[in-house]
Structures are given as structure tokens and as C-alpha cells.
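Below: the structure, in C-alpha cells.
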Amino acid sequence: MDSGGSTHSRSLLRSATVSELAQYLSLTIALGGLQFVWSVETGFGSLYLLSLGMKKSHVSLVWLAGPLSGLITQPLVGILSDNCTAKLGRRRPYIIGSTFVVVLCLIIIGWTRELTGSRPLPTVWLAVVAFYVLDFAINCIQASMRALIVDSLPTSRQDAGTAWASRMIGAGNVAGYLMGFLDLVRLLPFLGSTHMQVLTSIASLALVATVAITCYFTTETPLARLPTQLSTSGSSSSSLRALGTIFTSIRSLPAAIKGVCRIQLFSWIGWFPFLFYGTTYVAHIYAATHTSLGSDDNSADLMEKGTRAGSLAMFAYAVSSLGFSLILPLFAYSSVSRTALRQRGARADTVSAFGRIRQVLRKVQQVVSVSLSRMWMVSLAVFSVAMLLTFVVSTVRGATWLIAACGFCWAVTIWVPFSIIGETISDYNSAERSMRDESRGDGYIPIESADIPMEELATGERRSNNAQLGREDTLQRSSDAGGLSAGTILGIHNVFIVMPQFITALASSLIFAFFEHANGPEPENPDRQHAHEIALVLRLGGISSVIAAYYAWKLRH
């Protein structure tokens with residue numbers, strides 16, 4: 001009897017594990033498709049715009065689309081989706097609508113010359129507008145997807161959910177940079193006649209397929225509203241007032257999320273130039289090296305080969321990131337995940353050989369694991385060193401190794417901050433929902449949003465579940481006072497990610513413009529000079545990452 005019961009328990013455990021795995025995959029796979037699109041934009045957008053005849057200093061200004069869209073779109077979409085009452089749910093309508101916009105923009109980018117008859121000025125302007133709209137749509141999908149993960153998973157699984165999101169993003173990176181390295185026109189001529197056309201076609205198909213999987217297999221409960229909320233939720237003035245509260249509420253964020261935002265502010269000053277100019281940096285080093293060696297190739301051929309070398313470096317970085325995203329979550333913990341690990345260890349199957357092996361592995365995890373904030377600090381320090389080493393690196397191989405090493409840093413960056421935020425939101429949301437369930441009376445309508453009173457978040461205080469007096473009044477005050485939900489908090493967090501891009505875009509544009517003026521139109525070795533200019537921007541990001549590492553060291557979670 002005991003043996004049969006033990007076998008049945010193990011079978012149930014395996015079934016639950018498979019079910020959770022399927023949920024993680026279906027919930028996060030759309031982020032992989034979205035990252036594929038973003039890797040195409042960041043990895044090949046600069047070179048594409050340069051091929052249309054834009055100056056490097058002007059290309060830097062084009063990438064202001066990212067911070068503009070992030071500053072406006074993610075907070076706005078966050079708060080609008082928090083209050084969306086569509087039958088599909090709160091997040092999926094925005095994900096589906098934005099996906100169609102992304103596909104349209106990708107088609108325009110791939111066929112810009114054909115649409116404008118190859119006229120220089122209209123071609124450039126159409127490409128710039130398409131990139132701007134593309135950034136707005138990408139940010140809309142990203143904001144909705146991140147909020148969907150927080151909505152769909154309990155506190156104990158937020159860490160695992162964000163870890164799976166980072167793995168999907170890593171897989172999207174690998175696929176995107178691999179496609180850039182391959183000769184796609186020869187392999188897939190039916191998708192386009194140029195490399196960019198085939199890339200945008202594949203990116204469109206990948207995004208549509210992954211979004212379809214996520215939206216089909218992820219269910220949302222339509223948001224129920226109290227009658228008083230229904231009468232005012234549709235007014236544009238209330239939406240604008242709510243949007244304004246996002247920026248005025250930044251000072252009231254909980255300590256953990258406020259610390260994350262401070263770190264992101266400095267760390268992304270380093271990440272944006274790396275992501276947008278990493279391929280170009282290696283490409284110019286390749287062209288400069290072969291020019292110095294007296295290569296017979298013309299400048300266009302050298303840049304084409306250099307672009308492939310840059311794509312290979314970014315592909316190595318993407319593979320490194322994916323590998324670390326699979327391994328690192330096993331050796332990092334938060335307060336919630338470490339408690340869950342200990343509980344699983346206590347309940348572990350110790351009868352079978354496989355169960356005993358898992359027990360040993362979990363004990364090893366408990367011994368060698370480090371906190372999320374410490375792992376983040378180490379990754380920022382590694383990134384800073386890698387960027388500062390551009391002082392001494394002058395070969396394609398050396399630059400490739402530096403870029404590949406940053407895969408570790410990127411795996412942490414796309415996982416740890418969202419894990420901390422998700423656990424914080426979910427933890428407070430669970431307490432709120434528990435209190436509301438106990439206070440339920442006649443006519444009560446459950447509200448599934450993650451409403452969080454800001455005054456409680458800022459102080460870290462929670463109401464006792466056993467408190468009875470004044471509870472209904474507190475609930476009403478929470479709803480009326482404009483507590484923050486998952487989409488809103490993630491929108492605020494994104495503001496601190498996109499603000500550094502304003503700084504980076506303007507600073508890099510000024511640096512490039514200065515050297516364009518100082519060196520004249522025909523420098524002795526233009527590719528060497530361009531690589532030096534980009535390396536200077538990367539070093540400034542490395543210095544900023546030192547500050548971010550300091551704040552990560554001070555972060556307590």
C-alpha cells in the first residue's frame with residue numbers, strides 16, 4: 001500500500017510539473033518572437049539606415065524612437081490594460097492589435113525602396129517613420145506581455161516565470177542574430193530579394209506564430225467592475241489623470257522596486273549603445289583591419305563581410321545569454337524562491353534513484369546559491385569591465401570575445417529585475433485578495449486586478465488578515481485612491497529603462513557629429529575612426545555600469 005501510494009504521489013508530481021512547464025512555455029513564448037523582431041531592429045537597423053544614405057549622427061537620433069515610445073507607450077498601455085474590460089481579457093487585446101502594427105512596419109522597412117521608387121529623401125523618411133511606429137508597437141506588446149506574466153502566476157512562481165521569459169528572450173536573440181549571419185537570400189529567395197526583406201519576413205512570421213500560441217493557450221478573466229467604476233472608467237479625462245499619477249507616484253514606490261528602478265537608470269546607459277552598435281563596432285574593426293592589410297575588396301564588400309563578422313559576434317553573445325539563462329536561475333534565490341526550494345527539498349522523493357539525485361542537487365543549490373541582487377551586481381561589474389576593455393581591444397577576435405562575455409550580463413538583466421518586481425507585486429496582491437475574500441459581502445464583485453495602495457507599498461507595511469474593524473472602509477479607500485496595478489508599476493519601471501536612451505542617443509549623436517566635423521569627410525582610415533568613436537560611447541556606458549553595480553550591492557530583497 002505504501003509503495004502504491006508513493007508511486008501515485010510521484011505520478012501526480014510529474015503531471016503537475018509537466019503542466020507548469022507547458023504553462024511557462026505558452027505564457028512566455030511570445031517574448032521570444034518579440035525579441036527576434038527587436039534583435040533584427042537593433043542588430044541591423046543602424047547598418048540598414050546607413051545604407052540608405054543617413055549620417056551616423058542622424059542615425060543616433062532615429063533611435064530616440066525607443067525612449068519616446070517607452071516613455072509614453074508602456075505606462076499608457078499599462079494603465080489602460082489594467083482597466084480594460086474586453087472579453088479577451090486585459091492584456092491580450094493590446095498584444096494582438098500591436099502585433100498587426102509590428103508586421104505592417106516590418107514589411108514597410110523591408111520594402112522601403114520599392115515603395116518609394118528608390119527616391120533618396122522619401123526612402124529615408126519612410127524608413128524613419130516605420131522604425132518609430134515599430135518601436136511604439138513593440139513597447140505595447142512588451143508592456144502587455146510582462147503584465148500578463150505577473151497576472152497569471154502566483155507569488156511562488158514569479159521567479160520561475162521571469163526565468164522562463166529570459167530563456168525565451170535568449171532564444172529569440174539566438175535566432176535573430178543567426179538569421180543575420182546566414183546568407184538568407186540564397187537560402188530563402190521566395191521571402192525577398194534582399195537580406196533585409198528576408199529578415200523582416202521571417203521576423204513577421206515568428207512574431208505572429210508565437211503571439212498566437214500565447215494568446216490561445218493563456219486565459220484571462222475579464223475584469224469585473226463595480227457600478228461606480230463602470231460609470232467613469234471610459235472617460236478620456238480620467239485616463240489622462242490616471243496617466244499623470246504614474247509620474248507623481250514614483251516617489252511612493254516600494255523600496256525594492258525603487259531600488260530596481262535606480263539600478264536600471266544607470267545600467268541601461270551602457271546597454272543601449274551595446275545593443276544598437278555592437279554589430280557596427282565589429283564590422284568597422286573588420287573593415288579597418290583588412291584595409292590596413294591591403295585587401296583587394298572595395299569598401300562595400302568589406303562592410304558586407306564585416307557585418308557578417310558583427311552578426312557572428314552578436315550570435316555568440318546570444319548563445320552565451322541563452323546558456324546562462326538556463327543555468328543561472330538554479331543558483332540564485334529570492335526570499336520566496338529559497339523558501340519554496342527548502343519546502344520542495346523536505347517533500348522530495350527519496351525512494352527512487354532519480355529522487356535521491358534531485359535531493360542532492362537541491363541541497364547543492366541551497367549551499368551555492370546567491371541572492372538575486374548579488375548576482376545582478378556581479379553581472380553589472382562584468383559588463384563594466386568588458387566595455388572598458390575596448391581601450392585595448394583592436395581585433396575582431398578580441399571584440400567578439402568581449403561581446404560574447406556580455407551574454408552572462410544580459411541573461412541576468414532580462415531576468416532579475418522583473419523577478420524582483422513580479423514577486424513584490426504578486427506578494428502584495430495576494431495579501432489584498434485574501435483580505436477582500438474575507439471581507440466579501442452581498443453585492444461584492446471580485447476585482448482581479450493587482451491593485452496595491454501606494455502608501456502601503458512605500459512603507460512595506462501590510463494589514464493583518466485578522467483585522468476586522470475598518471476593513472471595508474480600507475477596501476473602498478484602496479479602490480478610490482488609485483492604487484497601482486501590475487501594468488502601471490511595470491510602466492513606471494520602464495520609464496527608468498528608456499530615460500537612459502535619451503542620454504545615450506543624444507551623447508552618441510554629439511560624439512559622432514564632433515568627430516565628423518573634426519576629421520573631415522575623408523579621414524585616413526574611416527573604418528578605424530568609426531570603430532574608435534563607437535568604442536568611446538561603449539566606455540561611457542561601462543563607467544555608468546559601475547554606478548549601477550554599486551546600487552545593486554546596496555539593494556536588499
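Cβ coordinates come from backbone N, Cα and C, glycine included.
Quick look at what TrEMBL annotates:
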{"type": "TRANSMEM", "residues": "21-40", "note": "transmembrane segment"}
{"type": "TRANSMEM", "residues": "60-81", "note": "transmembrane segment"}
{"type": "TRANSMEM", "residues": "93-112", "note": "transmembrane segment"}
{"type": "TRANSMEM", "residues": "124-149", "note": "transmembrane segment"}
{"type": "TRANSMEM", "residues": "170-192", "note": "transmembrane segment"}
{"type": "TRANSMEM", "residues": "198-217", "note": "transmembrane segment"}
{"type": "TRANSMEM", "residues": "268-289", "note": "transmembrane segment"}
{"type": "TRANSMEM", "residues": "309-333", "note": "transmembrane segment"}
{"type": "TRANSMEM", "residues": "375-393", "note": "transmembrane segment"}
{"type": "TRANSMEM", "residues": "399-421", "note": "transmembrane segment"}
{"type": "TRANSMEM", "residues": "495-514", "note": "transmembrane segment"}
{"type": "TRANSMEM", "residues": "534-553", "note": "transmembrane segment"}
Legend entry - Of 93-112, 268-289, 309-333, 399-421, 534-553, whichever stretch has the most CB pairs under 8 A to the transmembrane segment (198-217): 93-112
Inset, instruction - Six or more residues out from either end of the transmembrane segment (309-333), which same-chain residues have a Cβ under 8 Å from its Cβ atoms? - result: 39, 43-44, 159-160, 163, 166-167, 169-171, 173-174, 176-178, 180-181, 278-283, 286, 341, 365, 368-372, 375, 396, 399-400, 403-408, 410-412, 414-416
Legend entry - Stretch-level contact, the transmembrane segment (399-421) and the transmembrane segment (534-553), CB cutoff 8 A, at least 3 pairs: no
Legend entry - Other parts of the chain folded back onto the transmembrane segment (170-192), taken as Cβ under 8 Å at six or more residues beyond its ends: 31-40, 43-44, 110-111, 198-203, 206, 279, 307-308, 311-312, 314-315, 317-319, 321-325, 410-411, 414
Legend entry - Same-chain residue ranges lying at least 6 outside the transmembrane segment (21-40) that approach it to Cβ under 8 Å: 95, 102, 106, 138, 141-142, 145, 148-149, 152-153, 160-161, 164-165, 167-173, 175-177, 179-180, 199-200, 202-203, 206-211, 213-215, 217-218, 314, 318
Legend entry - Same-chain residue ranges lying at least 6 outside the transmembrane segment (268-289) that approach it to Cβ under 8 Å: 42-47, 63, 66, 180, 299, 302-303, 305-307, 309-311, 313-314, 317, 383-384, 387, 394-396, 399-400, 403, 406, 410, 413, 496-498, 500-501, 503-505, 508, 525, 527-528, 530-531, 534-535, 537-538, 540-542, 544-545, 548
